[in-house]
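Here the structure comes first, spelled out in structure tokens, and everything after it is commentary.
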Amino acid sequence: MESMFEDDISILTQEALGPSEVWLDSPGDPSLGGDMCSASHFALITAYGDIKERLGGLERENATLRRRLKVYEIKYPLISDFGEEHGFSLYEIKDGSLLEVEKVSLQQRLNQFQHELQKNKEQEEQLGEMIQAYEKLCVEKSDLETELREMRALVETHLRQICGLEQQLRQQQGLQDAAFSNLSPPPAPAPPCTDLDLHYLALRGGSGLSHAGWPGSTPSVSDLERRRLEEALEAAQGEARGAQLREEQLQAECERLQGELKQLQETRAQDLASNQSERDMAWVKRVGDDQVNLALAYTELTEELGRLRELSSLQGRILRTLLQEQARSGGQRHSPLSQRHSPAPQCPSPSPPARAAPPCPPCQSPVPQRRSPVPPCPSPQQRRSPASPSCPSPVPQRRSPVPPSCQSPSPQRRSPVPPSCPAPQPRPPPPPPPGERTLAERAYAKPPSHHVKAGFQGRRSYSELAEGAAYAGASPPWLQAEAATLPKPRAYGSELYGPGRPLSPRRAFEGIRLRFEKQPSEEDEWAVPTSPPSPEVGTIRCASFCAGFPIPESPAATAYAHAEHAQSWPSINLLMETVGSDIRSCPLCQLGFPVGYPDDALIKHIDSHLENSKI
């Protein structure tokens, strides 16, 4: 085969040779004749055609053999003499797909065979039980046949005895007839009792066969012998009837056992089918019940969260209205009319309002200012600051969420703002009687606000988590650890901002400020200090429990979005309840707690309710 492929067999025509080459046997050659040239050329062409046909057939056979060889090597990989496995890179993908298809088909066939094997095992078990029952029936049948043979032998014995007795009776009758021969001619001799079947049939026929038909019976037989023979015959007939009844009972028992066996087989098949269907239905029912329970729990949780969001929004509106009313009433009680209605910041003197005093220049601050319902002049009710006073005022001012930057003789938080208008310290007015103290003043008498803020830096409320834009950078609560549900002790500077963010004064105060309704006379500006707010100032209590409410305007909303932890609605509810009373209560179970009760324990109590309400 290789020699045929290696040989280059080709016949060129004269045109394919070229102009310089000539045929050796061409007609132009004088050495050879024309007939010989044409004959040799035709023979070569014929041989070439035959060889081409043979080569084509061999190539087709070779391709077919190669395909078969590749298929066989895929199914049964062969190893060459050198220990290397034959691989065909051109058919790797097809081989892999064929192997996968064959693997899947073989796996299916294996599963089918296993299923059939299991069925065959069950059928073998059933067949074994049937064989055991059949063997029992066969044993019982053989026992019955043995008993029947014994009874037949007994009946035959009794029949022989009866025949012997009949012969004896006939002999006695013959002797008696010989004695009375002179009275009557001799009777014919009786045939011997050799036919036992006749007597057996007579016995099985019942007692209807009377003794009157017996041959040779004469009334001269003694009554005693006749009675004895009749009793023996009746006993044999009774035994035969008993054997017949026992045979019928055993046949009925055999038929009953066969019927019970068939019934047991049918009930077992029905039980197998019903048990499988019952298991499937129980699984479907259990899965459906679980899905219904999950859907109901999710619906209840969604409704409860909606109610909690509505309650928190209602509490926020009530608290804002209450704080606005408190701020208005406190400003009217603790500030003179001239200072409250002054549109520009000025420094009033301790003299009466009729006496004019030179106005002080406004307090200067390097940071942006925010409008406030009170002027930036200090009052005796404010705390001291290391900076020099800019505009002292003898009149107590209304408390605001942002502390002013002017100095007063009262305690005030420190601020690096330079003094702008120093003034003599006036005498503070007498405080109002205790009965006239407002609700906000009673709230200011509570413990410092940093304790409240540190106690309520726990989990976020569900209503705040629903606003995904405000907490885009925060991780979802279900991905946090279990310890994240408890309050985390943090420094005051990192309560509203992360450890890597700068604490700018404007962002610090815009995130927690309160927005009061603008009065026509409140056109002054509040100076925002450059230092962070102190946790001891009384005015920050307002902002500490109002920071959880979303502020609708864009600057405050932007600052609110930078907060890492927002207060949850239980903290707002508890702080609102502590404003008017000395007893705080759980918003979920209405359990009362004293004011001195630790905030961490109270938050754990509320978190226990929230954890129990989860699915």
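Note that Cβ sites are derived from N, Cα and C of the backbone, with glycine treated the same way.
Record features, source Swiss-Prot:
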| type | residues | note |
| --- | --- | --- |
| REGION | 1-279 | region 'Homodimerization' |
| COILED | 48-162 | coiled coil |
| MOD_RES | Ser184 | phosphoserine |
| COILED | 221-276 | coiled coil |
| REGION | 280-329 | region 'Interaction with TBK1 and IKBKE' |
| MOD_RES | Ser365 | phosphoserine |
| MOD_RES | Ser372 | phosphoserine |
| MOD_RES | Ser379 | phosphoserine |
| MOD_RES | Ser385 | phosphoserine |
| MOD_RES | Ser400 | phosphoserine |
| MOD_RES | Ser415 | phosphoserine |
| MOD_RES | Ser504 | phosphoserine |
| MOD_RES | Ser534 | phosphoserine |
| BINDING | Cys586, Cys589, His605, His609 | Zn(2+) binding site |
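Over the coiled coil (221-276) the predicted model carries a mean pLDDT of 86. Taking H, G and I as helix, E and B as strand and the rest as coil, DSSP gives the region 'Interaction with TBK1 and IKBKE' (280-329) the counts 50 helix, 0 strand, 0 coil. Within 8 Å of the centroid of the Cβ atoms of Cys586, Cys589, His605, His609, where the record puts Zn(2+), the same chain has further Cβ atoms from Pro587, Leu588, Leu591, Ile606, Ser608. Around Cys586 (Zn(2+) binding site), a 10 Å sphere centred on its CB holds 18 further CB atoms from the protein chains shown. DSSP assigns His609 (Zn(2+) binding site) to a helix.
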